[in-house]
């Protein structure tokens, strides 16, 4: 497996799991990061994606007052060995990112630490995407997981209350952003410092903070996957349940998300089979949405 | 129903159904527009979406040599009253659009005719979207069906073989293009004429031809729907089958996609008018050939 070929990591690799959203659209008593998929709370899937990755050294979880107790209990019970802090976030996503960066700064994290910022409501991020971010930061100071758009994207402007197409970018150069979004600590810190003094600052995406406020810093694209879906509404749950079932049922998937090693030769075959099965399940699940 | 409230249409409303693709990824012997969904070939769903719409006056279908016989047989058997021509397309999507525009010009179609260009592999376009295009052309010379993006979109540039994020547009101003894309005939014709003399011309989208070559012409966005999916691979089929089943099972949906939705007498009158118009168009076209 690829991590075996890497030299021991010289810098911390810190995952920031953002679980401070208030989304209660499909369960008023239960913000969606606490809803269970495949019998496990969504936030736990997300924490495990990083906690179980041998290349990740530390995990911090950002919460709000409504979920803090529940998340603390879940983390205690599971005993995730790499969860160092549970930090209070803010009202907006960017406030939560900033709270995490402040906490990391206060903890004395080095400027060249690799920071992976992840939405907790993307519970099924692939191991390859996380590793891809960590690798990309050897070459770039910023990177984001994203999926090539299969649709032509239209950029629009509002004109008298109606959207008018202003530009049609080349399709091969249009991507749907996913997470994690990954940065050297000094880079994301500097971008947020510059953004903070701009009164018109209102980004909804960490990559955008770098693109807008550190335009000379290239942000590399790391391959995402369809299964790295964002759970937003009830309509996303059947597909999420299918993916969870596939992950739980597959020895290979379990092995790649656990620290235990996978034997080289049969693992590749199993992986192919698993992928094929996953595709079939995704297709079936998509069908059930309607 | 809304069309009853409209004044009689003063200009032809012509749907161009593009069925000239060669996609055989999920059945080597059967291009995907001929594959059946809900027991009906995909191309028939698309033709019916327009043929059964009382506000559409004419339908032309663009084919390739591999599917011409099959499409002709399907059209003959179904007896779609508004299908006037089955035109040979070209290798690329734009070649097929141009072939259709040439055929319409040869038929003497007026400059202010409303042209709705539709991908045949989007079989489930909603009646509301088609009507929305027709209405939008009263205010604008171009319009396209599109769906607001729920993901943040990243625009990228290639740098040494790696995609680098160049811009993160505001999410409320990012849309996924669907079809139909709708234009006054003179507008789309002029855009293609200008594009044709540009050696770097290689668009994959009709809206883009207008945005790029007639930048002063605003293109309005018309609301699309998740069900207006593009069938691209086998993975799209289960969802497509679900939508087809829902449509077939719903009396309202069935009525709007069947000719029976139109009261007998007006329908016969409309048929007669359509035939007369076709004869006029063909006569004009024939005259121009001599």
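Glycine too: its Cβ is placed from the backbone N, Cα and C atoms.
Annotations in TrEMBL come from automatic prediction, not curation.
Keep in mind that this is a model prediction, so the values were computed, not measured.
Feature annotation from TrEMBL assigns site 'Transition state stabilizer' to A:25 (among others).
As annotated by TrEMBL, site 'Transition state stabilizer' applies to A:32 (among others).
Cβ-based neighbour count (10 Å, all protein chains) for residue A:171 (site 'Positions MEP for the nucleophilic attack') stands at 16. The site 'Positions MEP for the nucleophilic attack' annotation in TrEMBL covers A:171 (among others).
Applying an 8 A CB threshold to same-chain residues 6+ apart, the list for residue A:230 (site 'Positions MEP for the nucleophilic attack') reads A:119, A:121, A:122, A:178, A:236. According to DSSP, residue A:230 (site 'Positions MEP for the nucleophilic attack') sits in a coil region rather than a helix or strand. The site 'Positions MEP for the nucleophilic attack' annotation in TrEMBL covers A:230 (among others).
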Residue A:32 (site 'Transition state stabilizer') versus residue A:171 (site 'Positions MEP for the nucleophilic attack') - Cα distance in angstrom: 33
